[in-house]
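A.B. asks: Here's the feature list from Swiss-Prot:
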- 27-47: transmembrane segment (TRANSMEM)
- 73-93: transmembrane segment (TRANSMEM)
- 94-114: transmembrane segment (TRANSMEM)
- 134-154: transmembrane segment (TRANSMEM)
- 166-186: transmembrane segment (TRANSMEM)
- 197-217: transmembrane segment (TRANSMEM)
- 233-253: transmembrane segment (TRANSMEM)
- 261-281: transmembrane segment (TRANSMEM)
- 286-306: transmembrane segment (TRANSMEM)
- 336-356: transmembrane segment (TRANSMEM)
Amino acid sequence: MIYHFLVPLSAQIGALNVFRYITFRSIYALLTALVITIVLGPMMMRWLQKIKCGQYIQDEVGELHKCKAGTPTMGGLLLGFGVLVSTLLWADLTNIYVWLTMLVFAGFGLVGFVDDYTKIRGKQNKGISPKAKLLGQLLVAGTAVGLLIMQPAYSTELAVPFFKNFTPDLGWMYLPFALLVMIGASNGVNLTDGLDGLAIGPSITSATCYAFFIYIAGHIGMANYLNVPHVPGVGEVTVFCGALVGAGLGFLWYNAYPAQLFMGDVGSLSIGGVLGFIAVLCKQELLLIIVGGVFVFETISVIMQVSYFKVSGGKRIFRMAPLHHHFEHKGVPESKIVIRFWVISILMALMALSTLKIR
């Protein structure tokens with residue numbers, strides 16, 4: 001809205017030309033979302049406590065996390081509000097990619113909201129069925145990717161990290177591939193959200209990393225120089241990434257150990273889903289394995305645990321899955337686990353950025 005109000009005035013007031021720049025607006029989208037989440041945080045927590053939206057702790061981690069029972073959850077509503085309001089204020093709202101990104105973010109958030117509401121209403125840790133959750137994710141992701149593929153400037157070619165001119169065209173297979181990326185990322189963040197600050201830290205790192213990739217993909221000069229696919233207009237989504245980073249930092253203000261507020265599925269599913277969609281937008285889908293390495297490790301640990309438990313007749317690889325609970329049961333302090341996972345996330349984001357020159 002600010003963009004559409006001030007840019008037309010730049011012909012009369014030259015200083016307003018600065019609002020044309022994506023980088024400038026991304027920075028202020030970050031700051032706006034940060035202020036919104038920090039200022040509204042206390043009110044949100046009081047409201048959630050008033051309507052009894054407290055966290056229920058599963059039996060397996062009851063002894064470790066019993067002090068967390070009753071902590072306000074569904075804090076993803078606060079984060080989502082900050083992201084969407086900031087994006088609406090600072091982005092070019094004539095850009096289809098911005099609207100698709102917000103659609104994915106809100107859609108996955110709605111699936112998470114229904115799941116959280118079901119848990120709270122039933123006073124248990126089980127929400128909607130896995131099939132219902134997957135169906136909701138497929139509906140949102142399928143709609144967004146379907147609309148994306150219809151855009152003339154978008155291609156179904158796949159960029160492969162470390163290879164300069166190897167871009168296989170997946171054709172109709174691109175749709176299920178993109179759905180796998182988005183839903184996998186969504187569930188990966190959801191599985192990681194088990195300790196104070198654990199999921200939001202790598203989410204901030206991943207959003208920052210993809211802000212670079214999405215900006216480069218939308219800039220024809222940079223895209224050609226770095227040999228990455230150019231998607232005209234997609235650079236505007238950098239503003240959304242800035243808002244996501246800012247809201248994430250504001251949410252971390254209250255989610256840091258000991259957490260005063262949990263994001264719930266409304267936060268984790270929306271963040272993961274939109275990170276996957278941004279990876280699809282800028283044609284860096286495979287790099288999400290590196291950028292979101294923490295989420296990948298957590299997901300793999302669950303798959304390994306469940307698979308081995310079934311084939312071995314009840315034996316386990318880890319003391320508990322996801323992986324962060326394994327370290328908890330080994331006696332590693334929660335704050336140390338979180339900080340170490342953050343460090344790993346930062347290193348993997350830097351590794352992903354380095355692929356821009358390793359080709």
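If you go along the chain as it appears here, the first residue is 1 and each next one adds 1.
Quick reminder: no glycine exception, Cβ is built from N, Cα and C everywhere.
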A.B. asks: What same-chain residues lie close to the transmembrane segment (261-281): Cβ under 8 Å, and 6 or more beyond its ends?
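C.D. replies: For the transmembrane segment (261-281), the far contacts come to 41, 44-45, 48, 55, 68, 71-80, 97, 100-101, 104-109, 111-113, 115-116, 127, 137, 140-141, 144-145, 148, 178, 181-190, 192-193, 199-200, 203, 206-207, 210, 213-214, 217, 231, 234, 237, 240-241, 244, 248, 251, 254-255, 287-288, 291-292, 295.
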A.B. asks: Check for me, if you would, whether the transmembrane segment (166-186) reaches the transmembrane segment (286-306) - at least 3 Cβ pairs under 8 Å, residues 6 or more apart in sequence.
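C.D. replies: By the criterion, they touch.
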A.B. asks: Using a Cβ-Cβ cut-off of under 8 Å, list the residues of the same chain that are 6+ residues beyond the ends of the transmembrane segment (197-217) and lie near it.
C.D. replies: 22-23, 26, 189, 223, 226, 228-231, 234-235, 237-238, 241-242, 244-245, 248-249, 251-252, 255-257, 259, 263, 268, 271-272, 275, 278-279, 281-284, 287-288, 291-292, 294-295, 324, 337-338, 341-342, 345-346, 349, 352-353, 356
A.B. asks: Per the 3+ Cβ pairs under 8 Å rule, pairs at least 6 apart in sequence, do the transmembrane segment (94-114) and the transmembrane segment (27-47) touch?
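C.D. replies: Contact absent: fewer than 3 Cβ pairs fall under 8 Å.
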A.B. asks: Six or more residues out from either end of the transmembrane segment (27-47), which same-chain residues have a Cβ under 8 Å from its Cβ atoms?
C.D. replies: 72, 75, 77-79, 81-83, 85-87, 89-91, 239-240, 242-247, 249-251, 253-254, 260-261
A.B. asks: Using a Cβ cut-off of under 8 Å, list the residues of the same chain at least 6 residues beyond the transmembrane segment (73-93) that approach it.
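C.D. replies: Long-range Cβ neighbours of the transmembrane segment (73-93): 1-4, 25-26, 28-30, 32-34, 36-37, 40-41, 44-45, 48, 53-55, 99, 102, 105-106, 109, 112-113, 116, 120, 236, 239-240, 242-244, 246-248, 250-251, 254-255, 261-268, 270-271.
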A.B. asks: Which sequence-distant residues neighbour the transmembrane segment (336-356)? Criterion: at least 6 residues beyond either end, Cβ under 8 Å.
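C.D. replies: Counting only partners 6 or more residues beyond its ends, the transmembrane segment (336-356) has Cβ contacts under 8 Å with 161-162, 195-198, 201-202, 205-206, 208-209, 212, 216, 226, 228, 257, 287, 290-294, 324, 327-328.
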